[in-house]
């Protein structure tokens, strides 16, 4: 009778074991998405007296009319006083729009996301949006769902590929439950999070998405997420106009991405107080914007629907487009917590409708409703900003259910994606990671493209002759740190490796091979003159710690390449007498400042050339922030920058020993 595989082992290793886990993640994220939506409604009711304030106009608080309309200036301040400390003290990763953090976790941390993220992110984002923050709920629910998937993988002790997959399942389920769009969720996760369309991955992500959508529909009903009218193109000329609109809104999407980080940089430059207070003080500026354009309060989906339905003038549509860029960027810049996915759709909708109204005024007999251009604009802005064309097409199709718009939609999205790629190397999500020195496309930190394996390779372990005995081999394996020993013949020609597993099996049996020759196995190798980038896939698939490096003729052992060598190449040591030191916890006072440092001392860290500037008295503040400008400076200040990888502690300049 065949031996049954233990359930935990089947769950972790079987190709079908991921199915129940993906479904469970879908259920959990579906419930979390519904709960998060209710949290936002509750916070909005508390701060405004309405379930959604954006389309109410210039009215006072529904529960406290005596406050008048001026309450919109105060609500971002009050909300910031609550979620600012919450984020700064409990989970700095919850600041911002969420999706880049998930992409970073998948690319750089094997999918590991702290378990505290779902609770802190949901509370902070609900307070931010309910308090007037002009951001979306999609980014937060993606991070919440991804964190739930990561937590499930950690509890089940799954390997790194499966942890990454469950993170994508959580992100997919979040989009699906939030938009009631079970098709868009998987494409979002595959295009932006995993950046891979492997069959096994896609199946698991779809299962999680469908499950979350079923849970969401069971609790919230099956009504469409947005109520959008149907449109029919008016012929070939309008198809061309749709393509032009896609190009224009692709440009707008890129502009929004640049404005977002520009305003964030300005806020970083201007703020000198503690991080926990930043959202409250910056909330005054946000409140001023809301006082001028209350339609920008919160997510603003009712305003989006009104715009596409043709209820606003062209002037107001343009004002809403520019205002949304400013309000969303300001919300993120002051330390708010919320997504940029929904604001991108909003900007595309009002901008596209404005283009449609202008075109319809010029060519009334050849064009249909301006609202059709609003739908094209939503997809165009999204594709231009995120470079995710499949997601852009699918989500608009699911929101409208209108098949007749698919052809112009696909053409417009293709053009807007091209415009986005032409005008910006980064997307609205990857730009945040690029500023940290992380290349999300290749999945590693920046390093010079001309680096060869020979430039970074370590010396090889001591070799074994193929006639060596098992006892000699066992002693050699005890002295090595890479879990294997290279084997050579009489002429010194490389023959393969002897692994610790092979020698252990032979010694355990007590009979069989008596020399190393019979246990040698082949493993992937790299040549010394190969580019370092080509060696990465080989290194990732290596059965031992590192891979052998052989000469160009394939005969001689030239070295041994490990992940440590690659990391050293990615993050070269500091080239100045000062380097970065990570200090956990505590607050360092002014007496801890480093003195006697030359002005504009160059420092290399994280693969980027940084500079440091002294304080007015010539000393250095103990904490630093990453400069936002293209020079990649580090500016000394009294706090840690929210984008710093060392957000849980303190980063200081100290004298390097030696």
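Each position is counted from 1, following the chain as shown.
Keep in mind that glycine also has a Cβ here, set from the backbone N, Cα and C atoms.
If you look up TrEMBL, you'll see 457-514, 519-576 marked as domain 'CBS'. Summarising the annotation, TrEMBL assigns transmembrane segment to 21-47, 67-91, 165-189, 240-263, 275-293, 314-334, 340-363, 375-397, 403-423.
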Cβ contacts the transmembrane segment (403-423)/the transmembrane segment (240-263), at least three under 8 Å, sequence gap 6 or more: yes
Leading contact stretch, 67-91, 240-263, 314-334, 340-363 vs the transmembrane segment (21-47) - CB distance under 8 Å: 67-91
The transmembrane segment (67-91) in contact with the transmembrane segment (275-293), cutoff 8 A, at least 3 CB pairs, sep 6+: yes
Long-range neighbours of the transmembrane segment (314-334), counting only residues six or more past its ends (CB under 8 A): 80, 96-97, 128, 133-135, 252, 255-256, 259-260, 262-264, 266-268, 278-279, 281-283, 285-286, 289-290, 292-293, 295-296, 300, 303, 307, 340, 343, 346-347, 350-351, 353-354, 357-358
Helix, strand and coil counts within the domain 'CBS' (457-514) (DSSP): 20 helix, 15 strand, 23 coil
Predicted model, mean pLDDT over the domain 'CBS' (457-514): 77
